[in-house]
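The next block holds one structure in the form of structure tokens; read it before the comments.
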Amino acid sequence: MRRPFIAGNWKMHTTEAEAAALAAAVREQTAGAACDVAVCVPFPHLGPVREVLRGGHVQLGAQDVHWEPKGAFTGEVSAPMLEDYCQFVIIGHSERRQYFCETDEWVNRKLRAVLASRLDPIVCIGETLDQRRAGETEAVLERQLRGALAGIQPSARITIAYEPVWAIGTGETATPAQAQEACAFVRRILRELGGPVADAIRIQYGGSVNPANAAALLAQPDIDGALVGGASLDAAQFAAICAAVPA
Ligand SMILES: O=C(CO)COP(=O)(O)O
């Protein structure tokens, strides 16, 4: 019912030449994967990588977007600009929340802009270690999810990425049980907000996903894919994660 979706988030990595080579290798090595595959690349590489991926199965995404269609917002990129290049865009990544003061309200504005465009959003939510230790995981996820979706009808175009902040780039992965529990909770909230469409919305897990832990995570009933950071910069590792999707 929900086709698994593995997306790479290259973050602020790769030169143009490296991006083109990595995209070509991903295209080759993930051929035949039983899932949707995408790479979310730095803005300057959208054009070159689009050419490398053209006509293939790997879809392209960006890592952020502004909510206004145009205007005096130096350094920003809008949804109508991205529509020419890619299918997906990440919104509300914890690194943007942490380093660029992005709020739930901004995430909500960005999500509205993206849903009004031809792009499909990947909305990131997740608790910090302190929040988990304080027993606040579900409260945080619920606040972020309701904040992102305020006034918006949930739709199957939306992918939610559950990314516990303490698992990102740390080598410390949530256990499959922890990740499943959180993703099931996310789906419960989605059901409260949107009804049956919750069963069509894909929920990815993200945070130190690698070829060794992917299969156990992806076997969980409410985990529909992964948002992969570090391991997506290595085509063989990324392809191995795609291959770990249950048949
Ligand atoms: O933030 C992430 C993907 O968006 C996860 O990053 P890592 O896979 O490097 O932990």
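Glycine too: its Cβ is placed from the backbone N, Cα and C atoms.
The Cβ of His93 (active site, electrophile) has 28 neighbouring Cβ atoms from other residues within 10 Å, across all protein chains displayed. Marked as active site, electrophile by TrEMBL: His93.
For Glu163 (active site, proton acceptor), the same-chain residues that are 6 or more apart in sequence and have a Cβ closer than 8 Å to its Cβ are His93, Ser94, Cys124, Ile125, Gly126, Tyr205, Gly206, Gly207, Leu227. A coil conformation is recorded for Glu163 (active site, proton acceptor) in the three-state DSSP classification, outside any helix or strand. If you look up TrEMBL, you'll see Glu163 marked as active site, proton acceptor.
Take the CB of Gly169 (substrate binding site) and look out to 10 A: across all protein chains shown you find 12 other CB atoms. Look at TrEMBL and you will find Asn9, Trp10, Lys11, Gly169, Ser208, Gly229, Gly230 tagged as substrate binding site.
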- Task: Determine the most Cβ-crowded residue among the binding-site residues Gly229, Gly230, using a 10 Å radius around each Cβ and all protein chains in the structure.
- Result: Gly229
- Listed binding-site residues (Asn9, Ser208), ranked by Cβ neighbours within 10 Å, top entry: Asn9
- Message: Can you tell me whether DSSP puts Asn9 (substrate binding site) in helix, strand or coil?
- Response: strand
- Taking Trp10, Gly169, Ser208 as the binding-site residues, the residues having C-beta under 6 A from ligand 1 are Gly169, Ser208
- Query: For Lys11 (substrate binding site), which residues in the same chain are close in space, meaning a Cβ under 8 Å from its Cβ, but six or more apart along the sequence?
  - Reply: Pro42, Gln63, Glu95, Gly229
